């Protein structure tokens, strides 16, 4: 309850700061926000697009949040997502199976790919105490350049040299009934994968022994060891799961939202995942809500630009401000605590 | 207690101040746009643009296109707007095209081959809108798909090899004896054609105009991105250290890094040059007040292409369904009009070659043949 208040305050402050920025640059903030919301929700197609935009964010946010809960700072969601998406794409392009078999296989490949990419930093942390922030960032670049080499070498597109071949419709998460329901939106099965993952992770963290152990290691490594929890195993396992979830984000992005994988780009959703996790207070349901909010911002932004004179750069800045407030929600907590302390101190003085 | 009151008051003051200046701004703004509207009653369509990867001031593709749109908007009194997509997938591009369409911008210009699949779908979906695709042809993206240009779409290509050819001739004539290098961005057709044209131009000058400019294999490099500024600087440094006198950088932001490296070397008195791409990059290479390290630029007149298409639509002869290649003959490619670093003699020789390309006496191949990379 406290956490959700904090997050809502962060959003409110962010929106207020964005409004001030719009006013300072001579734009009407009410109009701006009105079109922002309309752009994300005006018709079924836009709602579908908002959900689709949010899908990878749900998963990367969940990946970062899960790692946070177990005491690890996973900055490598971008790389894990890229590898996960790459593995799924590779399976989709190489195997010719019926859809009912191919899709689960692709999702599995994506999960395993992302998971293995995160296990390396996990192992280095557990065994040699190498800080995961450094090693996951390095893994991002290894992923970037690996994909950069492998895609043109083995999965090169016909017309464009910087993308893989297009996935056949059979190997994509898009469903025509779903697109029709949302009037031509690019929403796809990835959204259901994301929601399902949120539920599974929430259950895992809150209701199982394994989740308890992983969290315990996050709270205090030495105490957990003393309590008989296999600390090294827990760290590696945490990273495995976190990486796997990020890998699923790659599956959703590259085989659902997009139909091919591009080289030379680290997916921005990987880094946005950190902000999503912070705003969602590292709770699975919080992550779901905050990812949907980010999806709305990203999805509605273009319509706001098109309908008003607010330049795209200002829209980006507004989003950045909201992220900033979300990321510094800990400051808000301190502020509240300080105000409370002062009030009680004042009360005492008056007494 | 007192402190709290003071901070509250100051907060309230600052908020009202901000609100005050905000309202005055919003007050003036509508009247401004209103007066612009009064001047321009005849415009019956609005021009929109979706940017490719990179920013609107990329000194290259986006900027060139947008400058053409801005100029046309001013000349003909049109409303214009650009949107920046959140990513580089077809879905991202389609989303922004839809946003423009929903907001009434029904003449949409998109620069770059990455829009091919998005335009392919948009031209069917929004039949009452017009699309201009620069450097690409709409296609479904499926293996072996044929380009489909519908009645409401124009696809524009440039003969980059001819532009590169002229830059090669100019470089050879200016340096006379030494080494040349090439830095490319991604290994994609437009960049490759610049490279191959450049090599042919240098060879042409060596064979016919008495120069001796050598291009070694190791000095022809594709960096692999359009935005890695630092890598551009490193590649340029490496080439200059190897004795290269002039580098042709067809690489967006990577080229900006190369120009920066060249500038710092020129400031220290080294006699080296760099050749810009897409737009006249002379001003980017300025050091010591008025000198520039940019010898010349291999120009694609993207701005003119965007401008001409808007004009054609106004005149009622939008060349829908066509694929247009702008080359030397149509003055769509070439060197900048002003080349302060090239002597009169060099310029007249380059002009001669340019005319020979126009007349067909000299042909430039768009294929690799036995050229490097």
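Glycine is no exception: its Cβ is also placed from the backbone N, Cα and C atoms.
According to TrEMBL:
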| type | residues | note |
| --- | --- | --- |
| TRANSMEM | A:50-68 | transmembrane segment |
| TRANSMEM | A:75-95 | transmembrane segment |
| TRANSMEM | A:101-124 | transmembrane segment |
| TRANSMEM | A:136-155 | transmembrane segment |
| TRANSMEM | A:186-205 | transmembrane segment |
| TRANSMEM | A:274-298 | transmembrane segment |
| TRANSMEM | A:318-336 | transmembrane segment |
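Here the transmembrane segment (A:136-155) does not touch the transmembrane segment (A:50-68). Their Cβ atoms form fewer than 3 pairs under 8 Å, with each pair 6 or more residues apart.
By the count of Cβ pairs under 8 Å, the stretch nearest in packing to the transmembrane segment (A:50-68) among A:75-95, A:101-124, A:186-205, A:274-298, A:318-336 is A:274-298. Counting Cβ pairs closer than 8 Å and at least 6 residues apart in sequence, the transmembrane segment (A:274-298) and the transmembrane segment (A:318-336) reach three or more and so form a contact. A Cβ distance under 8 Å defines the sequence-distant neighbours of the transmembrane segment (A:101-124), meaning residues of its chain 6+ beyond its ends; these are 72, 74, 76, 79-81, 83-88, 90-92, 95, 130, 132, 135-136, 139, 143, 170-171, 173, 189, 193, 235-251, 255. Using a Cβ-Cβ cut-off under 8 Å and counting only residues 6 or more beyond its ends in the same chain, the transmembrane segment (A:75-95) has close neighbours at 56, 59-60, 63-64, 102, 105-107, 109-118, 121, 132-133, 135-137, 139-144, 146-147, 150-151, 154-155, 164-165, 167-168, 171-172, 242-244, 246-251, 253-255, 260-261, 266-271, 273-274.
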